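Enquirer: So that we are looking at the same thing, I have put the structure below in structure tokens.
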Amino acid sequence: MMSQNYYQILGVSKTASQADLKKAYLKLAKQYHPDTTDAKDAEKKFKEINAAYDVLKDEQKRAAYDRLGHDAFQNQQSRGGGGNHGGFHPDINDIFGDFFSDFMGGSRRSSRPTSAKVRGSDLKYNLTINLEEAFHGIEKNISFSSAVKCDTCHGSGSEKGETVTTCDACSGVGVTRMQQGFFTIEQACHKCQGNGHIIKKPCKKCHGMGRYHKQRNLSVNIPAGVENGTRIRHTGEGEAGIRGGNSGDLYVDIAIKPHDIYKVDGAHLHCKLPISFVNAALGGEIEVPVIEGGKVKLTIPAGTQNGDQLRLRNKGMSKMRSTIRGDMLTHMHVEVPKNLSKRQRELLEEFKKESINEKENDGSFFNKMKSLWS
């Protein structure tokens with residue numbers, strides 16, 4: 001096998017990428033590792049595979065190998081004391097760990113000690129406000145139950161003055177390993193429950209957790225222009241972490257109550273405006289309530305029809321992080337009086353006589369009827 005060059009040993013082309021080299025190496029290493037096969041020449045082939053990969057995975061060595069050729073590179077390595085792999089065997093667990101990670105989507109646990117600190121959970125709070133509060137923005141006080149950092153042990157979980165020791169069963173790793181053939185199975189350490197350390201004297205107030213539950217009060221700022229369904233994040237205001245871990249976040253979900261007058265359409269507001277049939281016919285000026293409080297004057301054009309829409313610009317909702325406002329759209333609702341005085345009836349009868357095109361049997365009346373459907 002060693003009569004072949006390193007590319008041939010790994011079964012790849014000279015233009016192979018590092019990913020292709022690693023893939024080929026892992027496949028051959030799995031096949032020829034002495035721990036996985038009883039083949040007579042397995043150890044020899046395994047050494048050759050490692051020798052080839054050791055050179056080709058290093059860009060500088062690979063460049064020299066390509067420039068000098070196999071024999072010249074070997075001679076230079078021998079003179080320089082390189083290229084001697086002796087009886088070195090990479091750990092089969094490392095090979096299989098890489099193999100499963102690359103080809104089966106697995107992951108490998110680091111052998112370094114893990115921290116016992118655990119981040120706290122995020123919390124969600126549903127807050128209902130009215131439309132005026134959404135327009136102006138408001139500071140709201142909310143109350144909720146949450147895990148908070150223990151003020152006795154300051155989150156360590158240990159009694160004051162007591163030290164936290166590394167677990168001797170797992171050496172601080174948090175897991176123990178069990179050999180099954182040539183596979184290694186990891187499981188959470190039974191002694192420290194995967195924490196990697198032992199608290200000999202747990203804090204009495206928090207029972208070693210570094211936190212405890214209590215009712216919290218928090219002031220939250222709701223910005224002007226917030227919309228229904230907006231989620232506001234308050235970093236670090238969620239549950240306290242376990243044994244000094246970082247706190248989670250608090251998410252406040254905003255719901256806006258329906259308004260008695262206005263209907264919301266994005267940043268625009270819609271409202272129905274009752275006007276008399278006299279104002280609709282003659283035109284006029286009326287006062288309209290606006291969301292910020294107070295009233296503004298609205299001019300009604302003569303001949304306004306029921307359902308006509310008039311726009312008040314920049315009188316809608318405010319927008320978050322913007323000075324621009326939406327509009328208010330008023331929908332005319334022409335009111336016809338039900339109870340007329342004698343004088344009102346006389347005037348209307350006179351108006352009726354003076355009206356033109358009022359005959360209900362002429363063509364213009366039926367044309368008007370048809371136009372209402374268009």
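Using N, Cα and C of the backbone, Cβ positions are placed for all residues, glycine too.
Residues or ranges marked as Zn(2+) 1 binding site in Swiss-Prot (evidence: sequence analysis): C150, C153, C203, C206. Taken from Swiss-Prot, the feature domain 'J' covers 5-69, and the record attributes it to sequence analysis. Swiss-Prot lists 150-157, 167-174, 189-196, 203-210 with the feature repeat 'CXXCXGXG motif'. Taken from Swiss-Prot, the feature zinc finger covers 137-215.
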Enquirer: When each of 167-174, 189-196, 203-210 is checked against the repeat 'CXXCXGXG motif' (150-157) for Cβ pairs under 8 Å, which one has the most?
Expert: 203-210
Enquirer: What does the DSSP secondary structure composition of the repeat 'CXXCXGXG motif' (167-174) look like, as residue counts for helix, strand and coil?
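Expert: Grouping H, G, I as helix and E, B as strand yields 0 helix, 0 strand, 8 coil.
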Enquirer: Inside 8 A of the center formed by the CB atoms of C150, C153, C203, C206, which other residues of the chain have their CB, for the recorded Zn(2+) 1 site?
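Expert: Surrounding the site, in chain order, are T152, H154, G155, S156, G157, S158, P202, K204, K205, H207, G208, M209, G210, R211, Y212.
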Enquirer: Once near-sequence residues are set aside, which residues in the chain of C206 (Zn(2+) 1 binding site), 6 or more away, have Cβ atoms under 8 Å from its Cβ?
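Expert: Non-local contacts for C206 (Zn(2+) 1 binding site): C150, T152, C153, G157, Y212.
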Enquirer: Taking the Cβ of C203 (Zn(2+) 1 binding site) as reference, which residues of that chain separated by at least 6 in sequence fall under 8 Å from it?
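Expert: The answer is C150, T152, C153, S156, G157, S158, E159, K160, G210.
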